[in-house]
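Data block below; observations after.
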């Protein structure tokens with residue numbers, strides 16, 4: 001159950017009160033954020049670009065696996081260790097670095113992440129031994145993985161619940177484009193330059209250009225440092241040239257009353273959130289959906305080469321529709337989250353307007369968000385079954401493309417929905433709470449990638465993805481438990497403030 005006892009990590013009554021009091025839309029005197037729609041668009045673009053290099057770094061590696069196996073004179077099973085290790089570190093690192101971002105600011109941690117990423121890519125492009133490649137891939141993952149969860153923290157800083165869905169959905173969806181088209185980019189680079197090293201040179205150049213852009217246009221948004229954005233940060237690392245642009249500077253009135261009280265750095269903070277029952281039961285379905293998507297991406301290249309005898313470049317082109325599906329998902333889920341929030345909030349306001357303040361239940365934000373997860377959950381299951389059996393019986397390629405579109409679209413939408421809900425529950429710890437999601441999805445993806453070959457050998461492709469679809473159904477049932485507990489918690493709780501109706 002979502003506990004109502006006071007805790008630094010749980011969305012308590014006290015925390016909820018702060019959220020309700022702070023998240024006021026368009027208050028003329030003290031707006032929740034001075035970031036306009038234009039400023040949020042700039043943030044969406046730069047955060048999506050930064051996160052793109054995190055998500056593309058795993059699948060861009062897949063087309064190079066046969067080449068790397070030959071180059072390092074090793075087996076495919078040994079080479080797959082580098083894939084699994086990458087996913088493990090991609091899950092672990094953000095629980096530390098994203099927590100640093102919640103404490104010391106978003107901007108310096110993001111910039112440091114890009115530096116580590118670029119340095120590791122340069123080193124990988126020059127390595128000649130397998131063990132060093134595997135180690136450097138772990139460093140690469142640890143460096144860049146945190147930017148995904150930090151992006152969600154930024155959304156919590158500058159958006160209220162009413163418009164948060166659009167930003168989280170757009171950023172999460174656009175970032176996951178890298179996951180969808182990574183195979184295409186990797187195949188194109190290998191075909192064009194006939195070298196696996198070109199992949200990491202490409203990542204270095206892309207990361208370097210993004211770093212330069214981030215220096216100039218990525219502002220600090222942590223409410224513990226800049227409040228609603230109107231306070232100039234004290235540390236030079238948190239200062240961005242963007243805040244000195246005339247259109248932004250004129251809104252900076254140094255309103256220190258909007259600064260959220262700082263909390264001490266808690267290394268285990270994200271893990272405390274992770275092991276809360278409701279959070280854990282929300283993360284399980286997200287993790288299995290992402291793991292299923294990763295397994296599809298992994299199987300796609302090997303199965304199309306072995307069963308359909310496609311070239312590396314031809315296989316790469318099959319990844320393109322998945323990237324388009326991610327973009328479509330980001331657009332659909334963001335607008336849907338905001339629309340459904342307004343719809344449910346209107347109904348709630350009508351239901352409680354005649355009740356005394358001390359009898360009004362809290363608005364059920366958990367149900368408002370998770371209700372929309374039903375459709376992508378069904379699409380994921382359908383896509384997995386179609387993919388597995390169409391591959392096994394060598395059906396027309398269009399059926400496989402359609403199935404991968406369903407899987408990619410549903411995974412990106414499902415992740416965005418649950419990410420938004422976590423930020424809603426922990427608006428002042430958005431990066432840390434979202435790192436829990438990253439931890440679960442990466443660890444389950446690592447497990448899925450590790451057992452994929454054994455599953456296919458034991459039950460063929462069709463049976464494998466039918467079983468994976470079954471796991472998705474089983475894990476999705478955990479959301480029923482979450483919704484049941486949320487209904488009890490929000491219906492039994494009192495108002496968030498005794499002075500005015502709760503604002504969402």
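Glycine too: its Cβ is placed from the backbone N, Cα and C atoms.
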Is residue 197 placed by Swiss-Prot on the same side of the membrane that residue 163 is on?
-> no
Look up transmembrane segment in Swiss-Prot and report which of 346-368, 461-483 it refers to.
-> 461-483
Among 397-417, 418-438, where does Swiss-Prot put the label transmembrane segment?
-> 397-417
For the transmembrane segment entry in Swiss-Prot, name the matching range from 249-269, 312-332.
-> 312-332
In Swiss-Prot, which of 107-129, 222-244 is tagged transmembrane segment?
-> 107-129
Who are the chain neighbours of the topological domain 'Extracellular' (457-460) in space, where the CB to CB distance is under 8 Å and they lie at least 6 residues beyond its ends?
-> 392, 467
Highest Cβ pair tally under 8 Å against the transmembrane segment (439-456), stretches 42-62, 76-96, 199-219, 312-332, lands on 76-96
Top stretch by Cβ pairs under 8 Å to the transmembrane segment (42-62) (candidates 170-190, 371-391, 461-483) is 170-190
Sequence gap of 6 or more, Cβ distance under 8 Å, 3 or more pairs: do the transmembrane segment (170-190) and the transmembrane segment (397-417) meet that?
-> yes
Counting only residues at least 6 beyond its ends, the same-chain positions whose CB falls under 8 A of a CB in the transmembrane segment (397-417) are 168-169, 172-173, 176, 179-180, 285-286, 289-290, 292-293, 296, 300, 304, 308, 318, 321-326, 328-330, 332-334, 337, 369-370, 372-373, 375-380, 382-384, 386-387, 390-391, 437, 441
Long-range neighbours of the topological domain 'Cytoplasmic' (97-106), counting only residues six or more past its ends (CB under 8 A) = 113, 142, 145-146, 149-150, 153-154, 157, 220-222, 224-225, 233, 235, 237-238, 262-267, 269-270, 428-432, 434-435, 438
Which residues, given as numbers and ranges, are at least 6 beyond the ends of the topological domain 'Extracellular' (392-396) yet have a Cβ under 8 Å from it?
-> 307-308, 460-462
